[in-house]
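Q: Here it is, the structure, as structure tokens.
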Amino acid sequence: MEAITFAEAWSNLVLLGPEIWQACLETALMLGIGLSAAVLLGGPLGVWLYLAQPGQILANRFVAGLLGWLVNLVRSFPFIILMVSLVPLTRLIVGSTIGPVAAAVPLSFAAIPYFARLVEQTLREVPRGVVEAAEAMGASPLQIVFKVLLREARAGLVNALTILTISFLSYSAVAGVVGGGGIGDLAIRYGYYRFQSEVMLAMVLLLVVVVQIIQLGGNYLAARLDKR
Amino acid sequence: MIHLNNVSKRFRHPDGGWFDAVRATTLSIAEGEIFGLIGFSGAGKSTLLRLINLLERPEAGAVLVDGQDLTRLSASELRRARQNIGMVFQQFNLLANRTVAENVAFPLEIAGWNRADIALRVAECLEVVGLTDRAEHYPAQLSGGQKQRVGIARALAPRPKVILADEPTSALDPKTTQSVLQCLADINARFGVTIVLVTHEMGVVRAICQRAALLDGGSVVEVMDVKQGEVQALSSAARDMLEAA
């Protein structure tokens, strides 16, 4: 491979501009679906997992064991294997196995238990006494969840979502390789298969910047929400 | 106002054995009284207090508060009954992400009050405990004594007939202790709220209680009168324990 000048590299990237933009949109779509599923399904699952622990308000050894086992089961799959094994399900739900929407199915599948575990861990930081005070005041389990647990843990929950987003940004790159599209896919196709290292480099730099922005944004929001 | 009828409670040790926290105990607390539960640590005084609002459910016996046997209520009936029983904690247990005013509003939100009534009642209660100027602060910005006064305002907000106070001054210095006790005594005098107070300090009993039960090993040794700041123990067992304390 011959070295190219900076000017040549830049003009290659400019030529790829529309495709890079397209890849960004695909990544955003995959992440958007995956994270929404994680929050909407994994969030409640995490709350339930927490409440079912011994000593909590919905303590149930059987439920806690079953939910914990399920979460661990899905989380123990290497992502690429999860993706391949979910191909039939993906085809059933989306009607296709390629494209960002199809890739979002295994992403969601992986993100739901991941976020559930993060939520459960975060809720453990809420002091037991505060929950007990709410019980003593006659709060119902739903009121305890929304008015006490989620509110008291809100900064930690933002941190959990930040971790989830960054992890799944890189998972989405893996999903891209098997036909999902997105930034990771673009980096592999041009940077690896066509030996255009400048594309690989540019995509990695782009991801570095995006990760920094997500982390800074998450930290800022968590600090604003934390009054402890 | 409160009748504990033969209540008992035991806990399981991690090693499988049982610990009798409260042995069959009968106790009556009159309306408008400030009643102390005193004893060494492990005597069962906190457990006994927590039996009154069923934070601990007794193995046997009846818990009557304001004529209602709490042990016979359904979960939702018990929640409604608890709105009539305020509670104050040693560690305050305020909601850290809510302002002082929002903390006091919390039991009212739970009880389904409307916004306008909540705002009025919160202002009243903060006035009673002298924290009107701290309404928009967060608990982390307050001193220990101020936090406990927020805890008292919160307990008072739903106009309860009973307030249970679990070691309310044990995390506070002596001077702050006096102001918090004064605050409780005020509330008792102004609103006729029955107060049950757990403490390990005789000074607290002498300062504000009219009667106090001395507990040891999960049983009541004696229910003592407090007159002119002096605890009147009749039994020798009680006198021996008070000497030791």
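Placement of Cβ uses the backbone N, Cα and C atoms for every residue, glycine included.
A TrEMBL annotation is a machine prediction, not a hand-curated record.
Feature table excerpt (TrEMBL):
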- A:24-218: domain 'ABC transmembrane type-1' (DOMAIN)
- A:28-51: transmembrane segment (TRANSMEM)
- A:63-86: transmembrane segment (TRANSMEM)
- A:92-116: transmembrane segment (TRANSMEM)
- A:157-179: transmembrane segment (TRANSMEM)
- A:199-222: transmembrane segment (TRANSMEM)
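Could you tell me the structural context for the features on the list?
A: Long-range Cβ contacts of the transmembrane segment (A:28-51) within its own chain (Cβ-Cβ under 8 Å, at least 6 residues beyond either end) map to 57-59, 63-64, 67-68, 71, 100-101, 103-104, 107-108, 110-120, 123-124, 141, 145, 149-150, 161, 164-165, 168-169, 171-172, 175-176, 180-182.
Beyond the transmembrane segment (A:92-116), the same-chain residues lying 6 or more positions past its ends with a Cβ under 8 Å from any Cβ of the stretch are 26-27, 29-31, 33-35, 37-39, 41-43, 45-46, 49, 67, 70-72, 74-75, 77, 79, 82-83, 86, 160-161, 164, 167-168, 171-172, 175-176, 178-182.
Nonlocal intrachain contacts for the transmembrane segment (A:157-179), taken as residues 6+ away from its ends with a CB within less than 8 angstroms of a stretch CB, comprise 26-27, 30-31, 34-35, 38-39, 79-80, 83-84, 97-99, 102-104, 106-107, 110-111, 114-115, 118-119, 121-122, 150, 185-188, 207, 210-211, 214-215, 217-219, 221-222, 225.
Sequence-distant contacts of the transmembrane segment (A:199-222) (same chain, six or more residues past either end, CB-CB distance under 8 Å): 12-13, 16, 20, 23-24, 155-156, 158-159, 161-162, 165-166, 169-170, 173, 183-184, 186-187, 190-192.
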Q: Sort out the residues at least 6 away from either end of the transmembrane segment (A:63-86), same chain, that have Cβ-Cβ distances under 8 Å to it, and list them.
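A: Residues 45, 48-49, 52-54, 103, 105-106, 109-110, 112-114, 116-117, 171, 174-175, 178 contact the transmembrane segment (A:63-86) from elsewhere in the chain.
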